[in-house]
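Structure first, commentary second.
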Amino acid sequence: MRKKIVVGNWKMNKTIAEAVELSSAIIDQLGEVSASCEVGIAPAFPALSGVHGVISGTGIHLAAQNCHYEDDGAFTGEVSVRMLDEAGCSYVIVGHSERRQYFGDTNPVVNLKVKKALSAGLNVILCVGETLDEREKGITTEVVTCQVKEGLEGVADIGDIVIAYEPVWAIGTGKTASSLQAQEVHASIRATVAGLYSEPAAAGVRIQYGGSVKPSNAEELFAMPDIDGGLIGGASLNAEDFVAIVKAAEKS
């Protein structure tokens, strides 16, 4: 039985003080973290230290939203995995569609980041997903399969990787893939992992859904056999909504 995982991606939202306040509210409303579901939050880089101080010892994981593939150097504005490790991160999100769209994170760049993060002992949330144009052309499976294969190129062990399927057309738009649409892609991703590694590895890898997950649709999504939790954007900025989604995952 795969353990569900729900991670809140706060993106470029919340000041340090606001992030500390939100993480405290999540702890207060969530109570003890259930053994049936991992929980993580990914604040913006400046808030990592403050949030880590709040969630340390609660069982909630600290995640980063991105990393660079070099240890150090002249890369203005970037953050290394060693810095993230020292800040208390246990997870890092790699290949989010907004990174791919706005910052030129190609599949080969994503692959370099995946391998660098793993080398530092971080768990990776590898994001994949198709655009609306790609879905309408009927090439969702081909696009996502390519992203998975190229993102995992040269990665010998998938044990420390979570895959997040995030249809780009459903991120921040209010649109959501139906539970059956999401399940179809998740099953395809699991089959791809089986081909790259093994059936046991595929059976064990957790695949999150990300794309306008809300308290109203979380339970239905998480009931699907290949959906193992969520990478939550907008709803994670509200403690009550985020905790409701976590509770839905715990029950599924």
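Including glycine, each Cβ sits where the backbone N, Cα and C put it.
Features of the protein shown, as given by Swiss-Prot:
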- Asn9, Trp10, Lys11, Gly172, Ser212, Gly233, Gly234: substrate binding site (BINDING)
- His96: active site, electrophile (ACT_SITE)
- Glu166: active site, proton acceptor (ACT_SITE)
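Under the three-state DSSP scheme, Gly234 (substrate binding site) falls in the helix class. Non-local neighbourhood of the residue listed as 'active site, proton acceptor': His96, Ser97, Cys127, Val128, Gly129, Tyr209, Gly210, Gly211, Leu231, each in the same chain, at least six residues away, with C-beta under 8 Å from its C-beta. Residues within less than 8 Å, Cβ to Cβ, of Trp10 (substrate binding site) and separated from it by at least 6 positions along the same chain comprise Ala19, Leu22, Ile41, Ala42, Pro43, Ala44, Gln65, Ser236, Leu237.
A C-beta separation below 8 Å, combined with a sequence spacing of at least six in one chain, links Asn9 (substrate binding site) to Ala42, Ala63, Gln65, Ile93, His96, Gly210, Leu231, Ile232, Gly233, Ser236.
Around the Cβ of Lys11 (substrate binding site), 17 further Cβ atoms fall within 10 Å across all displayed protein chains. Sorting the binding-site residues Gly233, Gly234 by the number of other Cβ atoms within 10 Å puts Gly233 first.
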